[in-house]
């Protein structure tokens, strides 16, 4: 009886730790789910400009986030009820999530350079398709990218001079040295034709540099956080395993 009583505080303490872990785990799922939804609703417009963009990526984030929220909720139930079998299952689920998050973190760090190259290639293709028939989505995406990032072209505004858009402007009697209106600092008062030497009304820095700066400044830390969170799941799995073992030991001691 004394041994069973001495085991009870340990189980209670471990349950408290598990509840704290489950809450953090659940919040992590909410964050991943929100990022997935944001990527699908808004960010995809820019990601689609990359030559290596995978349209399934937002759905993967949404799915992983939803599963984590579900598993976190089940983990709370398992902890409260104190069923050792369910806790062992929860431990297994956490290990699977660990593998997924570890893979995602490594992929972000490894493919960071490919993301930069893919976006440059995608922008080159987008500029050639800009304003052509049947490519309204690409045109809108480029316009929104240039407006929001306050940029023009790939490396600089001069990239537009070698595009069908500039060639069309020349045929219309304007100038081959033309950029879209989305490059303007102020659309209501802007000269965006014949800007070879007169660039006072347009943005001159290319969009690729902004994206590279974003990737270099954020992808590394995001990948590192993903790796850190993945190892956090190992801590949860160990806690779940130890709690299940303590619960079983307490049951055997009570029977004895």
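Each Cβ is built from the backbone N, Cα and C atoms, and glycine gets one as well.
Database features (TrEMBL):
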{"type": "TRANSMEM", "residues": "20-39", "note": "transmembrane segment"}
{"type": "TRANSMEM", "residues": "59-78", "note": "transmembrane segment"}
{"type": "TRANSMEM", "residues": "85-111", "note": "transmembrane segment"}
{"type": "TRANSMEM", "residues": "222-244", "note": "transmembrane segment"}
For the transmembrane segment (85-111), distant same-chain residues with Cβ under 8 A (at least six beyond the ends): 25, 64, 67-68, 71, 74-75, 77-79, 219-220, 222-227, 229-231, 233-234, 236-237, 240-241, 243-244, 247
Contacting positions for the transmembrane segment (222-244) when only residues 6+ beyond its ends and CB under 8 Å are counted: 11, 14-15, 17-18, 21-22, 24-25, 28, 75, 78-79, 84-85, 87-88, 90-91, 94-95, 97-98, 100-102, 104-106, 108-109, 112
